[in-house]
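Annotation comment: Swiss-Prot describes 1-48 as region 'Transactivation', evidence class sequence analysis. Swiss-Prot lists 1-24 with the feature region 'Interaction with human CREBBP', giving sequence analysis as the kind of evidence. Taken from Swiss-Prot, the feature site 'Essential for Tat translocation through the endosomal membrane' applies to Trp11. Residues or ranges marked as region 'Cysteine-rich' by Swiss-Prot: 22-37. What Swiss-Prot records for Cys22, His33, Cys34, Cys37 is Zn(2+) 1 binding site. For Cys25, Cys27, Cys30, the entry in Swiss-Prot reads Zn(2+) 2 binding site, with the evidence type sequence analysis. Residues or ranges marked as N6-acetyllysine in Swiss-Prot: Lys28, Lys50, Lys51. The region 'Core' annotation in Swiss-Prot covers 38-48 and rests on sequence analysis. Residues or ranges marked as region 'Disordered' in Swiss-Prot: 48-100. The compositional bias 'Basic residues' annotation in Swiss-Prot covers 48-58. Annotation comment: Swiss-Prot describes 49-87 as region 'Interaction with the host capping enzyme RNGTT', evidence class sequence analysis. Residues annotated as asymmetric dimethylarginine in Swiss-Prot, with sequence analysis given as evidence: Arg52. The annotation compositional bias 'Polar residues' is assigned in Swiss-Prot to 63-79. The compositional bias 'Basic and acidic residues' annotation in Swiss-Prot covers 80-100.
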Amino acid sequence: MDPIDPDLEPWKHPGSQPRTVCNNCYCKACCYHCIYCFTKKGLGISYGRKKRTTRRRTAPAGSKNNQDSIPKQPLSQSRGNKEGSEKSTKEVASKTEADQ
């Protein structure tokens, strides 16, 4: 081991920093470039502030929004026979009276 100058801060010791500058490349060599690159690129850990995603509140006047109005559809009609349902209720009522 080479003797280290005690007056130097630990982060300024020779060999403590890589010879090349960190870059934005995510290749394997650049991910293992230094401890900072490894945590940021290799592990994906970032301790900075999270950026807020900006939302557009109002659409421009000329643009068409995605929520088009639904065309009006006629109300669905009941498929059963209304007269038949009235007769069946009368038959049930007459049967219950006869049973009593």
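Cβ from N, Cα, C; glycine included.
The binding-site residues in question are Cys22, Cys27, Cys30, Cys34, Cys37, and the one with the fewest Cβ neighbours inside 10 Å is Cys27. Within 8 Å of the Cβ centroid of the Zn(2+) 1 site, not counting the listed residues Cys22, His33, Cys34, Cys37, the chain contributes Pro18, Asn23, Cys30, Tyr32, Ile35, Tyr36, Phe38, Lys41. Of all Cβ atoms in the protein chains displayed, 9 besides its own lie within 10 Å of the Cβ of Lys28 (N6-acetyllysine).
Cα proximity to Cys37 (Zn(2+) 1 binding site) (within 10 Å) is found for the following recorded positions from Cys27, Cys30, Lys50, Lys51, Arg52: Cys30.
Long-range contacts of the region 'Core' (38-48) within its own chain (CB-CB distance under 8 A, at least 6 residues past either end) are made by residues 26, 30-32. Cβ atoms within 8 Å of the centroid of the Cβ atoms of Cys25, Cys27, Cys30 (the Zn(2+) 2 site) belong to the same-chain residues Asn23, Tyr26, Lys28, Ala29, Cys31, His33, Lys41, site residues excluded. According to DSSP, the secondary structure content of the region 'Core' (38-48) in residues is 5 helix, 0 strand, 6 coil. Lys28 (N6-acetyllysine) sits 30 Å from Arg52 (asymmetric dimethylarginine), taking the CA atoms of both as reference points.
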